[in-house]
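Feature annotations, reproduced from TrEMBL:
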type	residues	note
TRANSMEM	20-44	transmembrane segment
DOMAIN	37-285	domain 'G-protein coupled receptors family 1 profile'
TRANSMEM	56-74	transmembrane segment
TRANSMEM	94-116	transmembrane segment
TRANSMEM	136-158	transmembrane segment
TRANSMEM	192-211	transmembrane segment
TRANSMEM	232-250	transmembrane segment
TRANSMEM	270-288	transmembrane segment
Amino acid sequence: NLSEASEFTLLGFSEVSHLHHLLFVALLSLYILTLMANTVIALIINCDNTLHTPMYFFLTQLSCLDICYLSVIVPKMLENLMVGTIGISRTGCAMQMFFFLFFGVAECFLLAAMSFDRYVAICYPLHYTIIMNSRVCKGLVAGTYICGTAVGLVHTIITFSLPFCGLAINHFFCEIQPLLELLCGNTSPSEIQVIVVAIFAIVGPFLLIIYSYIHIISTILKISSTESQQKAFSTCSSHLLVVTLFYGTASSMYLRPKSSYSASVDKLLSLSYSVVTPLLNPIIYCLRNKEVKGALRK
């Protein structure tokens with residue numbers, strides 16, 4: 001039953017077809033709000049000279065990644081909700097998977113770079129401007145994109161070099177797990193590949209974040225002034241919230257075997273980290289950051 005897949009079918013939300021119109025309006029509204037919120041954050045940071053610091057440089061990159069990440073998935077999702085089951089070419093599916101992984105993995109490593117920035121700011125405040133200079137910041141961002149490209153290429157090339165025994169993807173975009181369901185024969189090597197890459201792309205940066213925050217918390221607790229402690233904690237709280245949201249959903253999605261895969265749960269998890277999290281990121285940073293709120297008022 002080997003299928004030469006020239007075109008796949010995205011089933012999308014076919015099980016709740018009666019809610020398509022409602023979902024379309026909700027997702028389109030979220031998409032527009034997210035684009036506006038992240039664009040405003042990026043513009044504010046670029047226009048206000050007081051925000052031209054490493055932390056806000058990374059925040060600008062995070063906003064750009066969220067916009068791109070969202071735009072890879074949502075347009076096809078909206079089309080699916082408008083017309084029902086839709087087709088996507090093999091090349092289009094491979095491109096969508098690559099860019100989804102590219103932006104997603106880049107965001108994982110960018111969050112790790114942001115935690116390193118907070119680590120230097122709190123643990124080595126007198127050397128902060130020397131360590132986190134423009135060259136280092138640009139190098140860290142370049143590294144995130146290189147890691148994203150590597151993971152995206154490896155996953156996409158390996159997955160699409162294998163034979164498929166089906167063409168109907170039970171999802172709203174070309175996600176890894178539903179594509180594994182369509183592979184012929186023994187898919188254990190592909191499952192191992194997904195978990196290994198997930199460990200590199202999710203667990204690796206997460207461990208760096210944990211390591212940074214162990215030192216950050218240890219340093220903060222040594223500060224004698226309660227006011228200074230609160231100020232130090234406040235500079236990290238927004239980043240910690242974003243990390244928890246992003247890594248919580250991503251790890252539950254990819255660090256599990258195919259035997260525990262459920263299409264409905266998978267779609268809900270995908271919605272949470274692909275649509276909801278990019279909207280919450282700018283809100284979290286605006287609401288919990290006096291400098292951003294001040295720049296916004298100006």
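A Cβ is built for glycine as well, from the same backbone N, Cα and C atoms used for every other residue.
Just so you know, TrEMBL annotations are computer predictions that nobody has curated.
As the structure is a computational prediction, the values presented were derived from the model and not from experiment.
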Does the transmembrane segment (20-44) come near the transmembrane segment (94-116), with 3+ Cβ pairs under 8 Å (pairs 6 or more apart)? no
So what's near the transmembrane segment (232-250) in sequence-distant terms, Cβ-Cβ under 8 Å and 6+ beyond its ends? 55, 62, 104, 107-108, 111, 114-115, 118, 121-122, 202, 206, 209, 213, 216, 219-220, 223, 269, 272-273, 277, 280-281, 284-285, 288-289
